[in-house]
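In TrEMBL this protein carries:
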- 19-153: domain 'ABC-2 type transporter transmembrane' (DOMAIN)
- 327-461: domain 'ABC transporter' (DOMAIN)
- 34-61: transmembrane segment (TRANSMEM)
- 73-95: transmembrane segment (TRANSMEM)
- 107-125: transmembrane segment (TRANSMEM)
- 186-210: transmembrane segment (TRANSMEM)
């Protein structure tokens with residue numbers, strides 16, 4: 001029975017409004033007060049909650065075979081709808097009061113647990129521990145469960161003699177007495193009034209929370225003094241590596257003069273000696289990417305009603321005529337071991353070109369050749385060997401930087417790679433992208449956790 005009234009409010013459990021950061025910016029610039037935002041959000045949620053109540057209550061009511069009279073059905077619908085709005089106000093209050101998702105999610109889960117165990121159904125009212133029984137009297141679910149129970153069990157279909165131990169009570173009255181509930185129908189209307197009064201209280205408290213709370217402030221990932229020491233260590237480490245490389249280069253040159261035939265073997269041995277003891281090499285095939293005459297056409301968004309700029313006309317190609325051309329005869333070569341920068345102004349087509357090369361475009365016509373090591377690109381194989389980092393970083397907030405890389409590495413590497421090798425690869429990658437000193441920090445989000453720049457480096461890793 002708690003699910004009957006709890007499910008319509010499920011959509012409101014998200015503990016952080018999606019535009020909360022925008023609200024704080026508007027509030028700090030005195031564009032509008034906090035109460036207008038809280039009241040406006042409460043009013044705009046009435047229509048969605050009404051649709052939810054209808055979509056949920058109508059099938060459930062008849063599936064459970066409740067009393068099939070108009071009065072009982074609309075009473076059930078009114079109680080469930082009122083409870084849905086009340087719970088929505090409660091979860092909005094949690095959203096307004098908590099600084100981030102990392103705090104809001106556990107708080108929401110704890111509140112749901114308390115509401116469920118003190119609603120008089122999971123644990124009947126006489127058996128609720130004395131130290132939390134007071135929650136029962138202010139629990140919106142408890143009032144709703146009691147109202148729904150009275151509405152159904154006092155209906156005509158339950159008005160037949162109960163068991164002998166009932167002392168002359170009907171079956172419905174006896175069932176209510178087992179759960180410690182009254183048989184007075186006044187509690188149905190008290191439940192509706194309770195839900196709307198508490199919605200008003202939650203809205204007022206939410207407006208107060210929005211007035212006094214502030215968004216989480218960015219904080220440095222390392223302390224200032226620790227950062228200075230880290231810079232010193234980095235400088236000395238770089239100087240040391242350069243000195244070591246210089247000495248090895250001199251040694252290699254001297255070996256080349258003394259043994260011209262073995263210079264390749266000498267250099268190879270020097271490189272192997274330079275590798276860390278736990279260095280793990282994953283075999284891979286270097287890839288040379290060649291693109292020739294790449295052109296990309298999409299359907300005309302204006303459907304012929306625009307200025308016509310960029311629209312292909314008169315080519316005699318039915319597949320291209322009438323389409324908008326976004327890429328014009330682009331050729332490039334990307335060699336292994338070299339970093340290539342694709343630069344251009346806003347709207348120049350940089351992301352479009354990357355999407356076409358990576359095979360992420362599913363609409364439109366692509367013309368030209370994309371060769372991988374001299375062979376035409378096979379999308380199924382290409383998708384497994386190419387990495388694509390989007391502009392928006394997508395990470396799991398509660399995990400650490402090291403856990404994110406471990407999860408990604410375990411999915412990407414073959415099963416033949418042992419777990420110890422995976423950990424070694426992850427540690428090397430952390431050093432490579434300079435995230436090793438914050439490897440144990442939670443990724444976070446919504447202003448907490450690692451910085452935007454570090455999150456981007458994590459995406460690249």
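Keep in mind that glycine also has a Cβ here, set from the backbone N, Cα and C atoms.
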The domain 'ABC transporter' (327-461): DSSP-derived helix, strand, coil residue counts: 54 helix, 20 strand, 61 coil
DSSP-derived helix, strand and coil totals, residue by residue, for the domain 'ABC-2 type transporter transmembrane' (19-153): 106 helix, 0 strand, 29 coil
Overall pLDDT for the domain 'ABC transporter' (327-461), taken as the rounded mean: 83
